[in-house]
Amino acid sequence: MNNPHHLNPTSLKSRFTTRFLRALTKIRAQKPISSSSPTEIFRRYRRIKVAADKSMAYSVRSRRIWSRAMLWKLRSRSYRRQDPCSGRRSGKTNQAIMKKSSNGNITRRREDGVGFVEEADELRQLVPGGETMNLCNLLDETAHYIKCLTTQVQVMKKIADFYSF
Amino acid sequence: MSTRRSRSRQSASNSRITDDQINDLVSKLHQLLPEIRNSHSDKVSAAKVLQETCNYIRSLHREVDDLSERLSELLATTDNAQAAVIRSLLMQ
């Protein structure tokens, strides 16, 4: 297991900010004439989402299992047409499934009280590369991944606030 | 209830992982969670911590999603000069 304290949040934040802003500039530079059409906004939204993940994973580099898994996923994805439901956002899909199967196993289990192994398996689906981690790695990587996600949200919020100014 | 049993099963499959290590990592996760970190009770089961962790990650994913959408709409109306200002402000 890696040293959990090697991450300097400030520098990670600035690395992410630099990369993400660079990506945004690129995305905006490619804007067509009607950049506010719904189709264009949706296309750009998808590109921004990928850019946010890419910038995050590249800022962490290959020092973490989750960032390696995410970079690998993003690289292999860029060769095919993007599927809006693929990759990290599967969390959303899982939730939709959970809601749908209100009589299914998930809800029943929740009502009976939560099981550690079941929850760990759910976590594996949410953390990139989680499927192949041992329990120790999974918990350690999750902690790091959460820190990075909160940084990502913070920075994106800040940028959005500046833009709407 | 089943927590302890499941955990020892996990550690049995990998002899290098001890219950103490798992407890340690779970409590680290616990501290990162906004909901139960501030709750009065210290006695939260490991399974509950993992459940809340999953929920928290999902909510963060949703936030990134929403912010991407918002940024996409905002990009339609901003120009490069504004972007330069933002960049310099953020880099300070």
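Positions of Cβ are set from backbone N, Cα and C atoms, glycine also.
Heads up, TrEMBL stuff is auto-annotated, nobody curated it.
Listed in TrEMBL:
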type: COMPBIAS; residues: A:92-106; note: compositional bias 'Polar residues'
type: DOMAIN; residues: A:10-77; note: domain 'IBH1-like N-terminal'
type: REGION; residues: A:82-106; note: region 'Disordered'
The domain 'IBH1-like N-terminal' (A:10-77): DSSP-derived helix, strand, coil residue counts: 59 helix, 0 strand, 9 coil
Message: Within the domain 'IBH1-like N-terminal' (A:10-77), what mean pLDDT does the predicted structure show?
response: 88
